[in-house]
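Please read the structure below before turning to the comments.
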């Protein structure tokens, strides 16, 4: 089947020199991802379990799991009548119906009932929490809509505002709590803070009694419902409802920064601007802005002339603010959307930091504002915006009244700057301009083009997928790593530069050898008597220290980079010889008695010998596991570990020759190509021009196609026939031993698959693979002959093939799709599709829409 992880990546336009744009070649770039890690791991372990067996095993386990959950109930349901008759018989005989424990059916029912109860409780908690949150939001939303004002400095108005609000909240809470079911009013497990206890001791009695009177207005005021037997239970229920309701509200508003000990000024400080100002000036601004009244009800109760005094105090407080113009302009973009709307909802004015003005009736004031805005600009705006007619605030968008104003200065309008990940390709063309397709991992060479097409003047790449650069980082595109910078010294004698590479490992080894030499010099500079004593009393500890020093040197030598650069390889031979000679000199300085007597008997030497023996045994085991034909050719050991990736039924009798190990297509990639061909259009006959051992031929036949397999080597034809018999589709394949160059004019088919030999594993060492000169036969010639059979051609090529040559196969003004085949996120091969096999983005959209309908 076709790979599920497939997508279009880009469109590449190749423009030809000295030709008009209409002759450009369109190259659609796509990627297909397949995985076969399981097959590779099985090859490393040395055994394989058939896919059919795996599927059967998986189905068996799934059936067992399903039977464990559902089969118990089903096993008892068909024999319920028998069980009932047996139970009656047992009961009539006086025998017990059950022994030891309950039946599995009852056990299952009890477990299901417990689960259902837990689910019901969980849903109840969620519903209760959601209901309370909605109730709180609705209550406060109505309060702000009905009471769009800010309290003045008058204490009486403050108390009046707070009392009205608390009464409304209590009445709403009482009416809403009545509707709650009894189960939801049970006391939840909440931590009771000390502040809540103080609050409840102070206000709880009044809240309870007020709500009770609203609930039962017919009762006398002198009655005590908590002592009467008729109303005692109702009072307890009423108490628990209000207690836990107000506790949750208290915790919610306390988390928002509200406290019952704070001044009752409706706490509008939450919506103040975040502009960086002096703390004293900011606090005075908050206090004055909070006292500014916009409600006609309160204005009527105030003393005449108080508005002018309040306005003057506000202006003087704002004038004390010292904010630089740069900070104000910088804060406009950051805090305009967070500051304008909340503060304007409270005061009916726009935030001073936003740089706009709003009159009391909601219409904008048009003012001439200079570029460098002074610090007293907000004061002027508030002074102009003062008035007697107070109206409800309308949302602020680009202008004060929600409409765009051409006279407003552009530097003060809120604007949104796109972030880097939101930029379009057209807006930032330099971000991912990739005319050579470097992000795609393509190779562009200077080889001869097909059909006499001259060189391409330039290329244009348009990416169809977002974040191609980011996604390509996690793919192994087999690119050459960039060479590190090196220090180049120019000698006076010759003009040729001398490259010097500094190795960290080399410097460490030099330091260690220098330290050892200094230590040896100190020991040799001692008196002759001490030297004789050392030779006479040489112990195993001395030899162990020297062994440790030698081991340290060996470890440093082993920690060299396993893949050094070329410059390191050139100088590594002489360096290693010098280092070995120095280490050898150290060994020579050790006294002979110690080296001949102590070291052989040391436990460290014994462990080294044992480790070497174990390594030899492991090597022998690995060699013995390989078949003789594989063990005789060391190059095939790598491919032997990948045998199940090449043929999943390898153990059923698959046969390969030496060249077949190198040239066969991995089964997952071959399966994907066959699936694409079968889904492209209705085709009956497929020609595999170079079938080899039958990797692609078998997959084409498995999709139900009639396959004509051609190869010039009779040995490969026999191997391909044997492998097809293993898969059970030999009757769908016609094997022909012959030269495709001679047989092509006589063939008729719907699709031609080309996978000529690439010249062995050495193809990967080339920077760019020339499909004309590095193939045998000529890659251009076999494509020309294939066009005589059909235009629907699949060309299977190495990953480093010259894309310009592949695109030239489409001809002037033609189209080609180049698909990158990723195996376990590693780029393995590329496949070029021609004719009706090309998947075009427009066709994909129409096909998906038709499938949805």
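Cβ atoms here come from the backbone N, Cα and C positions, even for glycine.
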Which of the listed positions, 152, 156, 171, 849, does Swiss-Prot note as phosphoserine?
152
With Swiss-Prot open, pick whichever of 386, 415, 431, 540 is annotated phosphoserine.
431
Name the residue range among 594-623, 624-653, 654-683, 684-713 that Swiss-Prot annotates as region 'Disordered'.
594-623
Using all protein chains in view, find how many other C-beta atoms are within 10 Å of the C-beta of residue 711 (S-adenosyl-L-methionine binding site).
24
